[in-house]
Protein chains: 2
Amino acid sequence: MAPTAVDVTSSAINAASSAPLKTSKLTSPTAELHPLDDITPGENNLAVELIRDYHRNDGFEPWFKAVQRQEPRKAVLLQWLDAYHAGHKPAAIPRKIEVLYIEPASARIHEAIVDVASQKVESHSVVQGNHRTNLDITQLEAFEAALVQDPVVKQALKELGLEPDTPIASDPWIYGADSFEDQPYLMQFLMYLKSPRTGYDGDTFHYSWPLPFVPVVDVNSGTIVRVDWCYTGDSADGMVHTWKEGWARSNMEEREYMPHLQQNFQPRAGLKPLIVQQPEGPSFTVKGKSVEWQGWQFRLSWTAREGLTLHDLRFKGRSVFHRLSMSEMTVPYGDPRPPLHRKQAFDVGDASCGFTANSLSLGCDCLGAIHYFDGHLALPSGVLLQQQNVVCMHEVDDGLGMKHTNYRTNNPYVVRRRTLVLQTIITVANYEYIFLWHLDQTGAISFEVRATGVLSVSPIDAGKTSPYGNVVSRGVLGTNHQHIFCVRVDPRIDGDGNTVHYEDSVTMPFDTEADKLLNPYGTGYTVQKTVLEHEGGVNLDPLKNRTFKITNPNKINAISQKPIGYKLHLPATQLLLAHPDSVAFARAEFARQHVWVTKYRDDELWAGGKFTNQSNGKQGGLATYSQAKEGTVNEDIVLWAVFGLTHNPRVEDFPVMPVESLMMSLKPNDFWETCPILDIATSTQAVNKSILVQPSEAEAPSCCKK
Amino acid sequence: MAPTAVDVTSSAINAASSAPLKTSKLTSPTAELHPLDDITPGENNLAVELIRDYHRNDGFEPWFKAVQRQEPRKAVLLQWLDAYHAGHKPAAIPRKIEVLYIEPASARIHEAIVDVASQKVESHSVVQGNHRTNLDITQLEAFEAALVQDPVVKQALKELGLEPDTPIASDPWIYGADSFEDQPYLMQFLMYLKSPRTGYDGDTFHYSWPLPFVPVVDVNSGTIVRVDWCYTGDSADGMVHTWKEGWARSNMEEREYMPHLQQNFQPRAGLKPLIVQQPEGPSFTVKGKSVEWQGWQFRLSWTAREGLTLHDLRFKGRSVFHRLSMSEMTVPYGDPRPPLHRKQAFDVGDASCGFTANSLSLGCDCLGAIHYFDGHLALPSGVLLQQQNVVCMHEVDDGLGMKHTNYRTNNPYVVRRRTLVLQTIITVANYEYIFLWHLDQTGAISFEVRATGVLSVSPIDAGKTSPYGNVVSRGVLGTNHQHIFCVRVDPRIDGDGNTVHYEDSVTMPFDTEADKLLNPYGTGYTVQKTVLEHEGGVNLDPLKNRTFKITNPNKINAISQKPIGYKLHLPATQLLLAHPDSVAFARAEFARQHVWVTKYRDDELWAGGKFTNQSNGKQGGLATYSQAKEGTVNEDIVLWAVFGLTHNPRVEDFPVMPVESLMMSLKPNDFWETCPILDIATSTQAVNKSILVQPSEAEAPSCCKK
C-alpha cells in the first residue's frame, strides 16, 4: 500500500488559462490578514471564478464541495508565528485557496490550489481511484423530495398494504460500504410514515414509524436502483421476512417531542429562572477570530469538513498546541441483518461538521454573556452560505478549582474554577453532536462531546424483542451502535521537537528476599515509562493507570528535572466492535486503538481517510498514515486520541435522547514550576454576590436548628 | 473467618443502672420527628448522661467518638416509609441512639444503644480484639502541641544540626499498619520546618520544609516511643541514609500559597465577576432535612463517620435509592522505604468525614442561590459541636441537556440541563476532598470527588530524583499515591427485590459459514448479560463496555419488555497497587475490585471494615461481608462502587493542587417508558436573559463580517 491511499495525479497547469480575472474583487487586502484567517468572500469569489474559467472548455460546471484557505505549510507558518509573537511584522505568507469540487454527472473529484496574489490556478489534479466526497445538503434535499414521489417507493408502500399517497418521510443515509470491491456511487434512504394526527405539521416526529424497506439510489443518475427489505423479526425468526401486508400502521404508534405536538403536554412545574450575569462584561477579548482569555491566546478557524478548529494555542506566552480538531468519527450499527448492516456513518467526512452546524441562539443554546462567531462556506454553486452564530463562546463557573484550609488557623484558601467554553453543534439528520472545548486557568484544555438528538431506529414486529437493540417504542427498535471519535492534537509543547510516551503504574515485586530489600512491606509501586519511538497506535490500560504524555525533551523542568509536557486524560472506552475481517473494520482504521502518534505531514488531517463516503479500506487513515513507522522522538508529531460510546439504547433515549457526555483533557504536566493558578484571587462574596436561601417552609422542630 | 471480623460480646444489661434521668430534657418530642431525622441535642444529652451514669462505678470517664441516631432497622423503616408516602401517619418508630466511646487510658472500645422513650441503656458491649476507633481532633491537637516541645524531637533536630528551638510544625498521621500481628496503639507525625520569613504567621506553608524523621507516639501513654529516620536519597542510594548534619535548611526553600504570604504576589488580571441569579428563588423546597426538587424527594443525614448521607430517594413518586453514602477510601503511598511505607490512610474510618467537614462560605465555596445545612456532632466530652454550613445546596445550569433540530423545518428543540448540587468538603490534615452529589431532571444522580489541597510530601536530597514520586519543590518529593473510593449504593429500584447484572458488548463471530448466516458482513455485535447471583466483587472491563445495571425483576418495562432499572456509569480506574501479600492489601478489601454486591444487612456500612485505624486484615470489609456468597437475585442488596486516582504528582500540584475530578453516575435505564425530560419547557431567551457580547476591540477587516 502506498503511503497515502489517495492517488493524486497532478495535471499540467495551463497558466494562460488562469490569467487574472478582471471581474474578481478582493474585499480586503490580503496583506492585512493573519495567515490563519479564513477565506474572505472576495477570495472565495476569486477561486470560484478561476476554477470555472479553468474548466470552461471541459463540458461541466464545477460542483463545489469545499473552497477554503489552504493552511500555510507548517514549516513556513511556524516561522511566521514565531516572528509575529516576538513582536515583528513578518512578511505575509502568500495566500492559497484549496478547492475541492466534482463533475456533477460522474462525481469525479478534482482538487486545485488557487494563488490569491497572482490570481491563478496554481495546481490542479483529478483524484484517481474509486472515491467520493461528502454528500451535500443541496443533493440530499433534491433526492429526498424526489424519493417520496417515486413509483418504486409507491410500489413498496403498496406491498405493505399502504395507500400510495400515504404521507411518508425519508432520511438520507450514507451507503456504508459492504464490499472490498469498488461499487457504484450509492446512497440509501430510511423510510418512515407520518402520523395521521400530526403529519400536517413540519415538526411531526416520523421516527416512531419506521418502514421496513430501504430504497438504494444511484447518486450519479439520481434513480432508485433497488429496494432492500428489512428483517423485522426476533432472534427466533432469524433472516426471514416477517412483516405482513397491513402491518405498518398498526405495528407502531405516534410519539412526539415538540411541546406543541405532544398530547396532554404538562410542563414540569417549579423550574425557576437561573440567570448568569457578568456586569463588568466577560473576561475575554476578541479580535476577529483571535481570542485572549486568562493567559490564553488562540485563533479559531471554520472549514467545511471540520467546522471549528483551534490554532496556535499559547498560555502565558508559551506555545502549547499548534492545532486542535475533531478529525473524524465512525458510527457503526450492530444489527448484522441486511440491509441495515450498511449503517456506518463517518459524520465528519461523509456529512461535514461545517455545513451541518446549527445557528446557535442566545439564551437557548448558550447562557450568560455570549460571544458568537459566524462562518461562511461555499455552496455547491460557489455562492457563499452565510452561517450566523455557528460557535458560541462564554465563561462558566465550574465550582471549586482549588481549596486548602489550614486546620490550625481554620483559614480557608479557595479559588473557584472559571472556564472558557466554545460550543458548536451539528445536526446529522436524526442525530445531534454538541462539541465543546473547555479552556481553564491552569492551562488545561478539554474536549467534550455530548451526544443527543434522535436515535436511528429500525422497525420490529410489535411485541418482539431483538438481540441487536432495545425496543424504545411500539414496533421501534433502537439499534445498538457505537460512536467512536478521533481528536487530532498537533502539539507544540513550548516549541518544536516533541515526544509521546506513556507511563504505567505497576506493583513492585515482593516475592524474593532481594525484592524485599527494596520493598520490605509490599507497599511499593513504580512508574514504567515507554516511549513511542515510531509511528503507530497503542491502547489504554486503565488497570495500569496508563497515562500518555507529550513532552518537549529539549526543555527540562528545573524542579522535577523531567522534560516539560502535557498529559492526556482519555476515558478508556470500547474500540470498534466490527469484526477485524469486515469492511466496516477496514474503513475505520483509527477506531482500532486508543492513541496514535504520527509524524507531522502537511494535509494529513483525516483519521478515517480523506474520502470516507462509501470507503472500503482503500482510502487510508491512521493505520495508513503510520505504516512507514517513521521516528517520532523529538520530532514534529501529531497525537490522535480515540474515544467513544457503545450506545445500547435505553427506553429513556426516545423520542429524543438526554445528552450522554464524554470528555478528554490535556493538562500541563511539569510544564510549570509551580501551581499555575496561585495567581488567581481568592473567591469572595463581595465579588460573587451569592444569595442565602432560607428553608422554603416553616420548619418542623428539627435537630439542626440552634 | 467469622461473618463479621469484629467480635462483639454483649455484656449483661443492668436495667436498674439506666433508670430514667431526671435531668435530661428532650428539646423536641420524638413523636414529631421523622425516623431518619438526626439525633436532637436533647437526645444527645440524654445518651451522654445515660452512658456516663452506666459507667459511674467503672473508673473511667467515657470518651465519646460517635453519638448518633441509630438508623431504624431497614425492615421496619421500609414499612414506615411506604405508609408515610401513601399518605398515612404511621406510628413513630422507637428512636434509639447508638453510642461509640472508648476508655481514655486503654482505648478499649464500647458500643451501646440507648432507647430514647424509656431513657435506658438498652444494650452495651465491649468490642473484643485489637481495634481502634478514629482519632479525634481533641487528641490530635494535644499530641501535636506536646510533640514540638518533646526532648526526643529536640534531640532529632540537633542530629540534623538544627537549634532545638527551631520553629517546626508537625502533621499527625495515622499509623498505617505494617504487620499482620497485633501492635500497640500508635500514631506517627510528619515533621516540618517553618520558614524563617513567614513562620510567624499561622498560615505559613510548612510543607515545603519536610524533615527526615518521624516520631512514633503511643496513643495511650501519649509518649514518643521512638523516632524513625527517612531515606532521602535516590534509587542509586537505596536504603542508605544520605541526609547530613546541617542539611535541612539549605536543602529546601520557602514556598507559600496564601496571597498575603506569596512573595511578589501579582493577581492575574482580567477575571471579571460572574454572578448567578435566581430572581424568583431556587426551584427546590426544603423542610428540615427533606428536599424536593424537580420531581426528586429525598432526605439528608449527618453523621460522625460518613458526614453527608442521602436517604429515601424518590423520583416522580417512585423509589430509586434507599441510602447513598461515601463508605470509605484508602490512600496508600507508593514509596516502599520505611518508615513512609506506613502511609496508608482510610480517611473515612480513620479521620471521619463529619468532624473534618468545612464550614462553607457564601460566595466562596458556593455560588448562586445557596441553601446551607448545618450539623452537630458530639465531641469526646459529650458536648455538642455545632457545625454551621457543612452542606451547601444549589442549582447549576450545566449546558444543554437535550437538543434536536429538524433539518427540514430548521426548528430547534432545546432543553437546558439544570442540576441540583449538594457539596461537602473535608480537610484531612494536608488534603481536601470535595464531595458533590449531582441530581438531574432525568432521575440520574452522580457522585463526584474533587481532590485538592496539599500533597503529602517527603524530604529528598536536593538535586536528586526518585522512582517513587516527583520532585515538586527543591528537596521535596511529591510521593506517588492512590486514592481509592468506595460509594455504597443501597438501591430500592421502584420497590423491593433488586438484582445486579452486567452487560458486555461483544463482536459476533465471523469465521465459519454458519457464523456468516447470522452475521454476513461481520458488522454485528451482541450484548452478553451476566447476573451476579451471589455476593462478591467483579471488575470493570471497558474494552467490553462492561455496564452494570441494578434492576427490579418484579417490574417489567412495558416498552422494552425488560426489567426496569438503573445503570451505573463508573470510570474504569486502577485498583490497589499494594502487593496482594501485603498488609496494605489485606486491610483494603474493597480496593481489589470495581463493583461488589452484598446482601443487605443492618449496620454493614463499611467497605474497609468497621475499625480501619491501624487495621491489619482482621477488621473486615467487603471481602468479609461477601464471603458467605449469599444469593443476591431479587433480594435486598447493596452495590458498592469502587473508583480512584493513581496520583503521580505533577510539579503543578504544589504548593496547592488544582482539583482532579472523578465522577460516577446512576441513570434510569428502562425505568421510564419515554424520555423523562420531555416535560421540561424549551429554553428561551425570555427566561434566560443572556447578554450578547460584541467583539472587544475594533475588528480588523475579517472574512466573517457581512
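Each Cβ is built from the backbone N, Cα and C atoms, and glycine gets one as well.
The annotation domain 'Copper amine oxidase N2-terminal' is assigned in TrEMBL to B:34-125.
TrEMBL lists B:276-677 with the feature domain 'Copper amine oxidase catalytic'.
As annotated by TrEMBL, active site, proton acceptor applies to B:D347. Annotation for B:D347 (active site, proton acceptor): same-chain Cβ neighbours under 8 Å, separated by at least 6 residues, are B:M329, B:V331, B:C353, B:T356, B:I426, B:V428, B:Y431, B:Y433. Secondary structure from DSSP puts B:D347 (active site, proton acceptor) in a helix.
Per TrEMBL, 2',4',5'-topaquinone is recorded for B:Y431. According to DSSP, B:Y431 (2',4',5'-topaquinone) sits within a strand segment.
When Cβ atoms from all protein chains are considered, those within 10 Å of B:Y431 (2',4',5'-topaquinone) total 21, not counting its own. Here TrEMBL flags B:Y431 as active site, schiff-base intermediate with substrate.
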Counted with DSSP (H/G/I as helix, E/B as strand, rest coil), the domain 'Copper amine oxidase N2-terminal' (B:34-125) has 26 helix, 27 strand, 39 coil
For the domain 'Copper amine oxidase N2-terminal' (B:34-125), what's the mean pLDDT in this predicted model? 97
